[in-house]
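Input: a single structure, listed below in structure tokens.
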Amino acid sequence: MECREITEGSTTFTAPVQDETTQFPPGSAPVFYNTKMEFNRDMTVLLTKIVQPEDYLDAMAATGVRGLRIANEAKIPVTINDRDEQAVKIIKYNAEKLGGDISVTCDDANRLMCTSRFDSIDLDPFGTPVPFLDAASRAAKHYLFVTATDTAPLCGAHFKAGCRRYFATPRNTEYHAEVGLRMMMGTMARELVKYDRGMKPILSYAKSHYFRSHVRVLGKVTAADETLAQIGFVMQCPKCLYREEQKGSLYPKMHICPHCGVETVPVGPLWMGPLQEKEILAEMQTALAELQFGTKRQMEKMLTFLLAEPETCTYYDYHIISRNMKVSPPNMEELIASLNEAGYYTTRTHFCDTGIKTTAPLPLIEEKIRLWNAKNLQM
């Protein structure tokens, strides 16, 4: 196969050449290298440099670039696994060339995780991570990192597929990006609590075609109970933008929308707890200033968003609110400022360019939009 030399971060490796004219992903080469996931890898490398797990498993590695970078840039022992023999040949070639404490295995990911344990496990499959979560929930000692690229089922666009895979009810709401991330994390939490284990999210986000979450795995029964208490539902009005959060419930409690008088519908179960460990994100932000990554500007922007966002479980798209009100959308910064001045913490959100995360109720947001229109669009 035709290969080329590539550098990501401070790591140089060899990867197969992809035919960019064919469907991508999964690409045309025998072994897949996804250039579009460099940001994902950069963020994980930076996080791993901060938390320093004892070791790391790249469970479905393909070219192995993620594990190679962790070994080279975070300087911890790494196991890189793939069940494809051609992939393993490339990984071994790169590992020998790179040096460092790297073990390479050719095995089914579930079988490997059923027979070995690792301090940190990274699941980055093509599609859903669900088939691997059970084994990973038992095999990960302290850290579990998970990517899902099946965004349509998680966001509710492919409703039945989302129900089947995640045993949850997705809804294609205006805040569907956060629903998708929280539904994936809710599934992670439910897998862990089965084994009397809990989780504490460190770094979680949505970007383009995937969701990504890095969590601490906690081994005590009390942690499992605390994790279970963070599972819940968003109850959404099917006729308007009203929603309410229900945390700590394994079944949804129906309510009547105070605006429309119709019964709300459940979204979930979802992870309703914090998405970030902001002390770690602050350390990442400080460290990033002295480091070089190919996606450094994107990383800086993402960390700034994540550090600022309030811990609400949904966001509002103020363009959709304005459209429903049949008025012009206000200037975003002026809307945010007016809500903060009213005593409700409000920021932009990484989930949506026209989204705001706020502790304010919907009627107040509508009032601020109406006032802005009255002030700025007078004839």
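Even glycines carry a Cβ here, placed using N, Cα and C.
Among Arg41, Arg117, the residue that Swiss-Prot places alongside Arg66, Asp82, Asp108, Ala109 at the S-adenosyl-L-methionine binding site is Arg41. Each of the binding-site residues Asp82, Asp108 was scored by how many other Cβ atoms lie within 10 Å of its Cβ, and the smallest score goes to Asp108. Sequence-distant neighbours of Cys240 (Zn(2+) binding site): residues of the same chain at least 6 apart with a C-beta under 8 Å from its C-beta are Cys257, His259, Cys260, Asn324. The Cβ of Arg41 (S-adenosyl-L-methionine binding site) has Glu8, Gly9, Val65, Arg66, Arg69 as same-chain neighbours under 8 Å, each 6 or more residues away in sequence.
Distance between Cα atoms for Ala109 (S-adenosyl-L-methionine binding site) and Cys237 (Zn(2+) binding site): 41 Å, as a whole number.
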